[in-house]
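Below is one structure, written out as structure tokens; comments come after it.
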Amino acid sequence: MDDMKAFRKLGSITPGHPESHDTPGVEVTTGPLGQGIANAVGLAVAQAHSAAVFNRPGYNLFDNYTYCIFGDGCAMEGVASEAASAAGHLKLGNLICLYDDNHVSIDGDIKCAFTEDVCARFESYGWHVQHVKDGNHDLEGIEAAIRKAKEVTDKPSMIKITTTIGFGSLLQGTGGVHGNPLKADDTKQLKQAFGFNPEETFVVPQEVYDLYHRRSAEGAAKEQEWNDLFAKYAQEYPKEHADLKRRLSGELPEGWEKCLPVYSPSDPAIASRKLSEAVIEKIYDVIPEFVCGSADLTGSNNTRWKKAVDFQPPCLGIGEWSGRYFRYGVREHGMAAMMNGMAAYGTMLPAAGTFLNFVSYAAGAVRLSALSGVRVIYIATHDSIGLGEDGPTHQPIETLAHFRALPNLMVWRPADGNETSAAYYSALTAKSTPSILALTRQNLPQLEGSTIQKALKGGYVAVEAENANITIVSTGSEVGICIDAAKFLKEKHNIVARIVSMPCFEVFDTQDKEYRLSVIPDGIPSLSVEVMSTLGWERYSHEQFGLNRFGASGPYKDVYAVRFNPCWSSFHPSPCTNNFL
């Protein structure tokens with residue numbers, strides 16, 4: 001009751017919207033409409049996958065249903081449509097959604113903006129649909145609909161429940177009861193109508209307490225029953241038991257990091273999306289909870305390992321429930337929100353790919369990844385104007401600045417193979433922080449001074465020089481350009497430059513001051529170079545060289561080399577040196 005009295009108060013465990021990191025018993029952090037149903041799809045996916053991997057005859061460790069309540073506003077959101085469409089395709093019979101159809105949004109009656117047939121829409125997605133017409137009174141009808149939904153095992157279920165918002169209030173059926181406390185006179189008449197003493201506050205009948213205590217005892221008994229089953233499972237299936245126990249702890253298999261690829265300067269230049277693929281090919285077998293996928297860009301994102309099996313309903317003949325590769329379709333936002341649910345379940349470590357520019361489509365879910373502290377990896381390829389011919393509609397400019405500004409999110413932009421391996425090490429070991437890996441389409445040289453250990457500092461000196469005149473700080477594909485530019489500066493102008501690679505701002509910022517000053521020392525000028533927005537770089541450099549305008553369509557070398565106007569210098573060694581000078 002004290003928690004209820006502290007509703008929406010600072011420091012309470014009863015915030016204004018569900019927050020899994022604050023309130024015990026809250027499975028996922030939602031709030032923005034549509035995220036909850038998409039998270040629910042992810043939870044249902046994780047249950048189906050975990051059951052296929054771990055259940056054995058007599059040991060149904062994973063047999064739960066996922067229940068979700070969503071409203072008219074949720075049904076309007078695009079992310080809900082993406083996730084619901086995916087759930088129908090995947091035939092998730094373990095998912096039951098209750099649609100609170102109360103006809104009211106904040107702006108008023110939904111007929112001003114939302115007149116579609118939601119039941120027909122969900123039926124077209126492949127859902128089993130029912131309608132309880134009097135949700136204000138027909139509790140038995142709701143229970144019967146849920147029982148019937150459980151009988152349908154090859155489709156997710158949606159139960160439309162028509163209700164009256166603020167039922168019993170003087171403002172019932174209006175937007176006035178959405179998110180607003182009732183006035184004193186309204187509260188009193190409502191209590192009286194439902195048989196409560198209108199003068200008493202924060203009073204709950206004893207029979208309600210008794211009911212909840214019984215439910216609590218039943219829940220504790222169910223938990224003990226599961227723990228006993230899990231203990232017996234350990235005797236019969238010790239390998240699977242150890243694997244599941246480790247997954248639930250959040251720890252990775254011992255020694256897994258030994259499989260990470262290591263590169264030397266003599267190795268060929270490779271695009272970092274291909275370097276990422278090489279990591280995935282190594283880790284999939286040693287980290288069995290790692291699952292991957294793509295928003296219809298598998299061949300471009302390089303996210304699928306050679307022996308991968310798709311997660312699909314077996315009846316389709318194109319995969320299995322135990323499959324670890326996900327075909328999300330062109331549903332970036334739904335993909336990200338589903339991964340939040342998958343990660344929250346505790347048995348999966350999800351990663352998935354799209355172009356970096358289209359992670360912006362998923363920004364709402366990425367933000368909730370960070371807020372809720374789930375381990376999700378966004379593989380974001382084609383990370384700059386270096387993608388070339390697809391042009392400015394696909395070339396990210398502001399994207400990294402946006403996501404670097406987001407708390408509790410690591411943004412990695414590796415410059416070579418060792419940095420890519422470091423990015424994966426960091427992302428995979430960060431139990432409560434999501435990561436974005438920004439990866440190139442074009443080939444990158446292997447740096448002379450890089451190691452996985454150095455890159456794990458977030459920033460390090462790639463090329464040291466005595467009596468340096470300038471420190472040049474860069475990321476990703478521009479690090480190699482800066483190294484070439486430094487040679488040009490030395491040969492043509494006798495200017496000595498140190499080169500710093502900073503693949504991850506967030507990790508670099510956690511290093512102690514002594515280390516940070518050893519990388520970017522006081523006393524000499526510093527210049528940042530990155531082929532995107534310069535916003536945020538002022539923390540690390542005196543001057544910034546980047547792109548604050550849109551890109552262009554053409555072969556990537558031409559796009560890098562062209563000079564559009566005096567404000568946009570070209571990105572190759574010679575023009576870069578003009579900025580240094």
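Just so it is clear, glycine is given a Cβ too, placed from its N, Cα and C backbone atoms.
Annotation comment: TrEMBL describes Gly31, Pro32, Leu33, Gly73, Asn102, His178, Phe358 as thiamine diphosphate binding site. Under the DSSP three-state reduction, Gly73 (thiamine diphosphate binding site) is assigned to helix.
Taken from TrEMBL, the feature Mg(2+) binding site covers Asp72, Asn102, Val104. In this structure, Asn102 (thiamine diphosphate binding site) belongs to neither helix nor strand by DSSP; it is coil. Within the same chain, the residues at least 6 positions away from Asn102 (thiamine diphosphate binding site) whose Cβ sits under 8 Å from its Cβ are Gly71, Asp72, Thr162, Thr163, Thr164, Ile165, Gly173, listed in sequence order.
What TrEMBL records for His178, Arg273, Ser300, His382, Asp390, His394, Arg441 is substrate binding site. The C-beta environment of His382 (substrate binding site), restricted to residues of the same chain at least 6 apart in sequence and closer than 8 Å, consists of Arg273, Ser300, Phe355, Leu356, Asn357, Asp390, His394, Leu439, Thr440, Arg441. In the three-state DSSP reading, His382 (substrate binding site) counts as coil.
For His178 (thiamine diphosphate binding site), the Cβ neighbour count at a 10 Å cut-off comes to 16, with all displayed protein chains included. What TrEMBL lists as site 'Important for catalytic activity' is His178.
If you look up TrEMBL, you'll see 270-446 marked as domain 'Transketolase-like pyrimidine-binding'.
Long-range C-beta contacts of Glu332 (active site, proton donor), restricted to its own chain and to partners at least six residues apart, with a cutoff below 8 Å, comprise Ala295, Thr354, Phe358, Val359, Tyr361, Ala362. According to its DSSP assignment, Glu332 (active site, proton donor) is helical. If you look up TrEMBL, you'll see Glu332 marked as active site, proton donor.
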Cβ contacts of Gly31 (thiamine diphosphate binding site) (under 8 Å, same chain, 6 or more positions away): Gly16, His17, Pro18, Glu19, Leu368
Rounded inter-Cα distance in Å - Gly73 (thiamine diphosphate binding site), Val104 (Mg(2+) binding site): 9
DSSP-derived structure type at Arg273 (substrate binding site), helix or strand or else coil: helix
Site with most surrounding Cβ atoms, counting all protein chains shown within 10 Å, from the binding-site residues Leu33, Val104: Val104
By Cα-Cα distance, the member of binding-site residues Pro32, Leu33, His178 nearest Val104 (Mg(2+) binding site): His178
His394 (substrate binding site) CB neighbourhood, other CB atoms within 10 A: 17
